[in-house]
Amino acid sequence: MAVYNYDVVVLGSGPAGEGAAMNAAKAGRKVAMVDSRRQVGGNCTHLGTIPSKALRHSVRQIMQFNTNPMFRAIGEPRWFSFPDVLKSAEKVISKQVASRTGYYARNRVDLFFGTGSFADEQTVEVVCANGVVEKLVAKHIIIATGSRPYRPADIDFHHPRIYDSDTILSLGHTPRKLIIYGAGVIGCEYASIFSGLGVLVELVDNRDQLLSFLDSEISQALSYHFSNNNITVRHNEEYERVEGLDNGVILHLKSGKKIKADALLWCNGRTGNTDKLGMENIGVKVNSRGQIEVDENYRTCVTNIYGAGDVIGWPSLASAAHDQGRSAAGSIVDNGSWRYVNDVPTGIYTIPEISSIGKNEHELTKAKVPYEVGKAFFKSMARAQIAGEPQGMLKILFHRETLEVLGVHCFGYQASEIVHIGQAIMSQPGEQNTLKYFVNTTFNYPTMAEAYRVAAYDGLNRLF
């Protein structure tokens, strides 16, 4: 058994692991990366964010082609199978792997591919694919192993008609009707994707509102859009059992209802990838969802072991995971890069997409903050009209006395890009965070960004 010594060992090469490894390496530390795959990138690159967003992009292009009057004049709408559309995602994955492998090489991070587990608080043993065991001894270890779909024990996920958000990428046909159980971010995103391919979607939600953490007006806009696009949303429902058939699936609900479809996609929750890490050897406890607890420095109860990304739970976003990993390494190398990551914009890649940052109306009302609202509807924006994307709006919440921007919520074309302008202003100190910035700034025309000026004027007009 070969033994290697490092300053920092990172478990997992997803966004959190990459952020941690790069920060530690750039600070001059000797770093090793361990990943169970033979390629870097983690679930984000291979099964999650990258393939699903590439898939969404292709589906959106198909939808634009089929709804554009100019193209419709040429011929009938074109429909593509799910496997055909998925091929575009596979190309992006290989490009991402190549890019990220280069990052590690340039920063002299050693890569170990195999199953890593703790022998003790400073030792990780890696069982490689060829059976060779490598021992990595480190001063500090960062757990960034990510998460996987939560699988209830009473559901047969080996059945050829039952999928989760990882295995759905192996779907070899296009179902006529699909049940999606779980209307969280992943469930809503896949509902949009399959609806865009002409699939009838039954979206089963165990809550009374879609994505209840969003501003209620944005959530309602998404619900309305879904209802117009072959997506039936069933709220306040819980599964009793899932019955797999040769030609489909029947979902039995506790309410007594039954839904039959060609396939079922399970999107109800995530589980941290900690079960194979040998956590009992280091005294770090995990909760019922396999997640570990960390403090504001991303340190666990063991002083030299840290955690970042999906494995620590909220907010379970790739963007946040990268910053959490970078901050965990910052706590170790003490180079001024640490920060507690809590000001993260939410990006939801439904069709149209959603993004927000800051407080929503419910939160501000509950806190008794005197706020006002400014709105810009995309149907009136020149750029949205040119792009043929009239659905959506930008909504700014601001303090009616100080004009401080308190929240930005966007639904529609380029929402995940638009939100960053509001994020930049909200991060400014003191009086520099003001709604007047949007009034006094010249925006390129025509752009989606100028929606900020329209919304700002709308908000100011409400004051008296």
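Don't overthink the numbers, they just go from 1 along the chain as shown.
Glycine too: its Cβ is placed from the backbone N, Cα and C atoms.
The annotation FAD binding site is assigned in Swiss-Prot to ASP35, SER36, ARG37, ARG38, GLN39, VAL40, GLY41, GLY42, ASN43, CYS44. Within the same chain, residues at least 6 positions away in sequence whose Cβ sits under 8 Å from that of GLY41 (FAD binding site) are SER13, GLY14, ILE50, ILE93, GLN96, VAL97, ARG100.
Under the DSSP three-state reduction, ASN43 (FAD binding site) is assigned to helix. Here GLN39 (FAD binding site) comes close to HIS46, VAL97, THR101, PHE113: these same-chain residues lie at least six apart in sequence, with C-beta atoms under 8 angstroms from its C-beta.
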